Amino acid sequence: MASLAKLLFVTLLASSLLASPGSAQLSPTFYSTSCPNLLTIVRNAMTQAVNNEARMAASILRLFFHDCFGCDASILLDDTATFTGEKNAGPNRNSARGYEVIDAIKTRVEAACNATVSCADILALAARDGVVLVGGQSWTVPLGRRDARTASQSAANAQIPAPTSSLATLVTMFSNKGLNARDLTALSGAHTIGQARCVTFRGRIYNDTNIDPAFATTRRANCPATGGDANLAPMDTTPARFDNDYYRGLVARRGLFHSDQELFNGGSQDAAVRGYSNNAASFLGDFAAAMVRMGNISPLTGTNGEVRRNCRRIN
């Protein structure tokens, strides 16, 4: 993650490939000559993965979110006897998933154009394709990221927003990375797909007061006050469909995380949430644009980092 993100999300403003010898900007056409079939390879692999398990779209999107504010594939590095990565950071341990899908894509990409495409770019493309496959709007992914040679568990612990975060905390954490409050609210819409573990929303359904009582009762049925930490609940009522149902849930006080409901709780983002709840196209467009901005945060480019042959370890 070399920098942050919970939730969730892909890349910078496209520009020229080369800037200075050690610095390059991202471009959608970065691999057009060196790996012309890249987009097709990733899309086909993600289609297979999502067909096998619809939840995988959400899992890969979350993996990208937790890698980002850096977007350098550091989250993919395995721990070793001499190296501590990010997979066992609090926000990732026993919850981040989909690593094997990225491995499978990397294997196919290496067969087509070895030592050419970074794991960071593969993850960015896979996250976009997963969203599209479950009904989201597409966006152009600027490419040219390189992979980190290191990772920081402490940074992952400190910089990925917790599901207990307040609105003020969320706004500040995103602002620190150049993302504004509307970006925060749009990117939080990633929670329109996927499922969450009981341990992450237990406090919300037992302690919060700004919650629909019937919703709390329903969620408590599969999330006891003690035990059952790994029991799953859908993020909204259509967890396999990328739509604006998440925002309708917030308006009805049915946000699953405390941090979700903070977006609609008498604060600065109420109007944006209500707008998205009434206009799916507005949400989908803003989400796509925010994903580009998020994926553009401090990527390694040029001669920085490397192109890993195996996403789980440095070369």
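Backbone N, Cα and C atoms are what each Cβ position is placed from, and that goes for glycine too.
Predicted automatically and left uncurated, TrEMBL annotations should be read as such.
Database features (TrEMBL):
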type: ACT_SITE; residues: H66; note: active site, proton acceptor
type: BINDING; residues: P161; note: substrate binding site
type: BINDING; residues: H191; note: heme b binding site
type: DISULFID; residues: C35-C113; note: disulfide bond
type: DISULFID; residues: C68-C71; note: disulfide bond
type: DISULFID; residues: C119-C311; note: disulfide bond
type: DISULFID; residues: C198-C223; note: disulfide bond
type: DOMAIN; residues: 25-315; note: domain 'Plant heme peroxidase family profile'
type: SIGNAL; residues: 1-24; note: signal peptide
type: SITE; residues: R62; note: site 'Transition state stabilizer'
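Cα-Cα distance from C113 (disulfide bond) to C119 (disulfide bond): 13 Å (rounded to the nearest whole number).
Among the recorded positions C35, R62, C68, C71, the residue whose Cα lies closest in space to that of C198 (disulfide bond) is R62.
When the alpha carbons of the residue listed as 'heme b binding site' and C68 (disulfide bond) are compared, the span between them is 16 angstrom. In sequence order, C198, F201, R202, I205, N231, A233 are the residues near C223 (disulfide bond), counting only same-chain partners six or more apart with C-beta under 8 A. Here the candidates are the recorded positions C35, R62, C119, P161, C311. The one whose C-alpha lies nearest to that of C71 (disulfide bond) is C119.
Put simply, P161 is the one of the recorded positions C119, P161, C311 whose Cα lies nearest to the Cα of the residue listed as 'active site, proton acceptor'. If you draw a 10 Å sphere around the CB of C119 (disulfide bond), it holds 30 other CB atoms from the protein chains shown.
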